[in-house]
Amino acid sequence: MGLSNFNGIALVSLCFVIMFVAVSGRPATFLEDFRVTWADNHVRQLDGGRGIQLVLDQSSGCGFASKRQYLFGKVSMKIKLVPGDSAGTVTAFYMNSDTDTIRDELDFEFLGNRTGQPYTVQTNIYAHGKGDREQRVNLWFDPAADFHTYSIMWTHSIIIFAVDEIPIRVYKNNEAKGIPYPKQQPMGVYSTLWEADDWATRGGLEKIDWRKAPFYAYYKDFDIEGCPVPGPSSCPSNPYNWWEGPAYRALSPTQAKNYQWVKANHMIYDYCTDKSRYPQTPKECALDNL
């Protein structure tokens, strides 16, 4: 794949860009940049490899991953989720360090629904092996009707989960106050479609209806802008990487307004306020994450 200039920044050689669009006149394809990790007969290339269909049926789910890991940057995907009665299914898009007890992970999990009910997206953050930081948001549109862009921005300062560039989750680097923050381990980019009807929809009350199978999710326009590992050792710490710029160290006023709108109108679960799980509010929740 080719390198992008990022508006003339001289340090372009430190960054690696992957897009499912034409670069240097050559269209990118799935197998150039990703690999199937699970059930290759359930992962179908579309449009000459520029799009992907994932299939879930009673025999298997499926998944894929980037061929490389990255340390900081931004990753986004356009996804069209499972339509209709998708209860019990989970479509996941996440970054993972592929380490066990000390793993770092940044999760989008799209929880299937009964027809006519809103789609719920669950986010979670693992840092230094500690997770259990779930938040859930009901999407304000039908994510199965068309493609929407889901992105994770990961910098030294902040992690932002966004839907069509609207922040739905913000996690700031508060290591100075004793809060773990993922910054040492590179992470790969993963996606899966699988059955999880023991918990995914209404806490497992709604089971998957296999009569509606197979279930399909669609992907296109993958974009990874970050520091590849292995790669130039100076890249992750380079302050001139565009994502480390002053404009990206906090939410803009418009982003902050949109984020508050999401929290006020669409957030349905926040581990920070779950006293049954956390009688004492987790330390990071007491900090201003704006």
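Note: Cβ is positioned from N, Cα and C throughout, glycine not excepted.
As annotated by TrEMBL, active site, nucleophile applies to GLU105.
The active site, proton donor annotation in TrEMBL covers GLU109. Its own atom aside, the Cβ of GLU109 (active site, proton donor) has 19 Cβ atoms within 10 angstroms in the protein chains shown.
TrEMBL lists 21-219 with the feature domain 'GH16'.
Cβ neighbour count for ASN113 (N-linked glycosylation site) (all protein chains, 10 Å cutoff from its Cβ): 25. Taken from TrEMBL, the feature N-linked glycosylation site applies to ASN113.
As annotated by TrEMBL, transmembrane segment applies to 6-25.
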Rounded Cα-Cα span from ASN113 (N-linked glycosylation site) to GLU105 (active site, nucleophile), Å: 25
